[in-house]
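Colleague: Just dropping this structure here.
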Amino acid sequence: MELILISGLSGSGKSVALNLLEDSGYYCVDNLPVVMLTVLIGMLKEEHVHKVAVAIDARSGHGIDLLPGKLDKLKRSGINLTFLFLFSHEETLLKRYSESRRRHPLATKGQTLEEAIRAERALLDPISDLGHRIDTSGMKANALREWVRQFIEAEPGQGLTLMFESFGFKYGIPLDADLVFDVRCLPNPHYDPELRPFNGKDKPIIDFLEGEDEVCRMRDDIARFVDTWLPCYIRDNRNYLTVAIGCTGGQHRSVYIAEWLAGEFANRARVLVRHRTLAGT
């Protein structure tokens, strides 16, 4: 059985991810109490259900403390388990709740929205590092759906998943990054009016950047660094490694280098690529 477990902060996109998985053929269960997880999986195995996605949130209360043990038990039973933890900056969550006008699930009478968000963050903190952390701050629903689709369509198998992520420093450093490389010192196509409308996946930008020695040297240096230390991360039993590449706006230099790195490592690991602040995503 393939099991994708989703948890994280309310308002960070769990429902968006779960809906995409349901559309992709997964048997989905939302807001499942932790104590019921192994019971549900046992029942679905008897029914020969092979693809399952379950969302668990803070409404499980202190039952959240039981989750690490439940996950270990499921892994020992031979289930192919993936755990995704979604989160966002507090200001992003406040904005989303303001726009949706929905009530926070942990909000109590006399408690502010900020207090409810912080209480939920504290409650879920012990499980936030059990799997792959995804910072959805600034991500639109369609971008999150595309990321989940790319994730589940990636070549299955054991081993580490290597994510190359581009971003713009003016929007902030992604909190889910394990390694961050700053490429703002490289020549910037933004200052060429003819190149500005393109992005780092377009041939005019690729040709411009690959014609600059500094770009090629930094690109190759980053690849060597990742290649040198990747075995160490694998030995540490890491399931995921997110390498973030940042330029000023996240449109040209970082996008090009993230795409190039994804191509370089495609035959050495399970590779994903994401462009956090690319226009139109």
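Backbone N, Cα and C atoms are what each Cβ position is placed from, and that goes for glycine too.
The model shown is predicted, which means the values in this text are computed figures rather than measured ones.
When I checked Swiss-Prot for this same protein, it listed these features:
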type: BINDING; residues: Gly8, Leu9, Ser10, Gly11, Ser12, Gly13, Lys14, Ser15; note: ATP binding site
type: BINDING; residues: Asp57, Ala58, Arg59, Ser60; note: GTP binding site
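Could you give the neighbours, burial and distances for every feature on this list?
Modeller: Taken residue by residue with DSSP, Gly13 (ATP binding site) is part of neither helix nor strand, so it is coil. Sequence-distant contacts of Gly13 (ATP binding site), defined by Cβ-Cβ distance under 8 angstroms and a gap of at least six in the same chain, are Leu86, Ser88, Thr136, Met139, Ala141, Leu144.
Non-local contacts of Ser60 (GTP binding site) by the CB criterion (under 8 A, 6+ apart in sequence, same chain) comprise Pro33, Val34, Val35.
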Colleague: Around the ATP site (Gly8, Leu9, Ser10, Gly11, Ser12, Gly13, Lys14, Ser15), what further same-chain residues have their C-beta within 8 angstroms of the site's C-beta centre?
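Modeller: For the ATP site the neighbour list reads Asp57, Leu86, Phe87, Ser88, Thr136.
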Colleague: How long is the line from the C-alpha of Leu9 (ATP binding site) to the C-alpha of Asp57 (GTP binding site), rounded to the nearest angstrom?
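Modeller: Taking the Cα atoms only, Leu9 (ATP binding site) lies 7 Å from Asp57 (GTP binding site).
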Colleague: Identify, among the binding-site residues Ser10, Ser12, Ser15, the residue whose Cβ has the fewest other Cβ atoms within 10 Å in this structure.
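Modeller: Candidates: the binding-site residues Ser10, Ser12, Ser15. Fewest Cβ atoms within 10 Å: Ser15.
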Colleague: Nearest to Ala58 (GTP binding site) by Cα, among Ser10, Ser12, Lys14, Ser15 (binding-site residues)?
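Modeller: Minimum Cα distance from Ala58 (GTP binding site) across Ser10, Ser12, Lys14, Ser15 lands on Ser10.
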Colleague: How big is the Cα-to-Cα gap, in Å, between Ser10 (ATP binding site) and Asp57 (GTP binding site)?
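Modeller: So the Cα of Asp57 (GTP binding site) lies 8 Å away from that of Ser10 (ATP binding site).
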